[in-house]
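Structure first, commentary second.
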Amino acid sequence: MTIHFPFDNTYARLPDRFYARVEPEAVAAPRLVRLNRDLALHLGLDPDRLSSPDGVELLSGNRVPDAAEPIAMAYAGHQFGQFVPQLGDGRAILLGEVVDQNSIRRDIQLKGSGPTPFSRRGDGRAALGPVLREYLLSEAMAALGLPTTRALAAVLTGETVARETLLPGAVLTRVASSHIRVGTFQFFAARQDVEGLRLLADYVIARHYPQAAESDRPYRAFLDQVIAAQADLIARWLHIGFIHGVMNTDNMSIAGETIDYGPCAFMDAYDPATVFSSIDRQGRYAYGNQPRIGLWNLTRLAETLLPLLFLDEDKAVADASEALEAFSGKFEAAYHAGLRRKLGLLTEREEDLTLAGDLLNAMAENQADFTLTFRRLSDAAAGPAGDEAVRNLFINPLAYDAWAVRWRERLSLEPQDGASRQVAMRAVNPAFIPRNHRVEAMIQAAVERDDFAPFEELLAVLSNPYQDQPAFAHYSEPPEPHQRVYRTFCGT
Ligand code: AMP
Ligand code: MG
């Protein structure tokens, strides 16, 4: 039986220097951990066949589906500010592209499927823990409503991978609008390959930003649109307390999706300086630094586009600078609009930003849980009976009381009644996020005891993050002091 993937591989038709053709490496004993059946259907794939032994052969890289043209994509990137002219897919292989039910072209990629010409010193493999983390967090992100890559499947390889200890190996099947990164542009710019850059830009415009092709100046319009997409994405990360953890330019998607879930994490107590990643010692990628880093990365993208913007270098630089100047305004507009929604404000007043800022400051000073404060505020929006549950989250509850008086005054100027405000707020303030202590416990159960029940349960709860699920209320709670996770580690 062969399983049909309706592949149409446009990236593999680009010139050879864009990638390396490479087959996934066979693994000993593939075993399906989970298939995302809804996503399979959305991609036009048959979930029953994919979860059959033949399907699992494909998802583990043991066999390559018909019409796949496996490639490892070339890219470069700034890692923690240092430029590396060649990175590329060192442990991932793009099988091909399919067009989904919404007519969006999606990449299907195996991650952890063996070495490629870009592996450098790595083994091309992935351990089960990071695969489950990426599966869970990317699916949680999608359910929260943010642009993200998706997880189609996780399989165990039946082999071990050597990290600090021997760990079970696994392969993740990742789905993305594309895997083209800021670093993909840097790869060609570093080689002064202007023709390659132009081909890549034309490809990206056709695939992701077709409106830019209608513009008088398509490359500038393309840059503007990537800047807008990233400004919006990063604002949305902040609204849900997400910390990417490794915002290197090779981990920033041109399509504006959250990509490369490594040491990422959601914040518990609100503190803009929060860092989780064990390798981020300087706090470069701290929660509150993400907008600034976003602009830094986009500046690197703009630099690569200079030869396409204008032949005259001064003109090109002025043009790119003008595009980049729009980032802050776009980010702030998106961030502030989201904060207003989180506070239940439909109308705009100047004092709103001070009101929001004062709440955030009080939360930081009083170690209030980010997610729960806003979720419970949604109930307090219906009337002061809800205040008790919010104020308890503050070390000094009086800090909330003083703020709540001003908030209520402001709410009295709003057209909405309390009940509809509560509904609107609950739709933007999630009850459930992937809490680190839960994620770590889930990984431990799977890796140490081959127990996937916590993974399944957590995944199910996180698929409805805006709904109260009383039977699972414990998943909404912040960690007890002894459960706190301070460090997360890269997926390598
Ligand atoms: P990441 O930190 O996962 O974004 O990866 C940065 C770079 O290292 C990319 O080029 C990856 O392909 C490569 N890489 C990460 N882990 C491995 C591995 N186990 N084997 C080979 N290459 C890897
Ligand atoms: Mg990466």
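Using the three backbone atoms N, Cα and C, a Cβ is placed for every residue, glycine included.
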From Asp8, Asp16, Asp232, Asp260, the one annotated by TrEMBL with Gly88, Gly90, Arg91, Lys111, Asp123, Gly124, Arg174, Arg181 for ATP: Asp260
In sequence order, those binding-site residues of Asp123, Arg174, Asn251 whose CB lies under 6 Å from ligand 1: Asp123, Asn251
Whole-number Å value for how far Asp250 (active site, proton acceptor) lies from Asp123 (ATP binding site) (Cα to Cα): 19
Annotated recorded positions Gly88, Arg91, Asp123, Asp250, Asn251, Asp260, filtered by Cβ under 6 Å to ligand 2: Asp250, Asn251, Asp260
Spatial neighbours, same chain, of Asn251 (Mg(2+) binding site) - Cβ under 8 Å, 6+ residues apart: Gly77, Arg181, Gly183, His244, Ile259, Asp260, Gly262
Arg91, Arg174 as binding-site residues, winner by CB count within 10 A: Arg174
Recorded positions listed as Asp123, Asp250, Asp260, least Cβ neighbours within 10 Å: Asp123
Three-state secondary structure, which DSSP defines for Arg174 (ATP binding site): strand
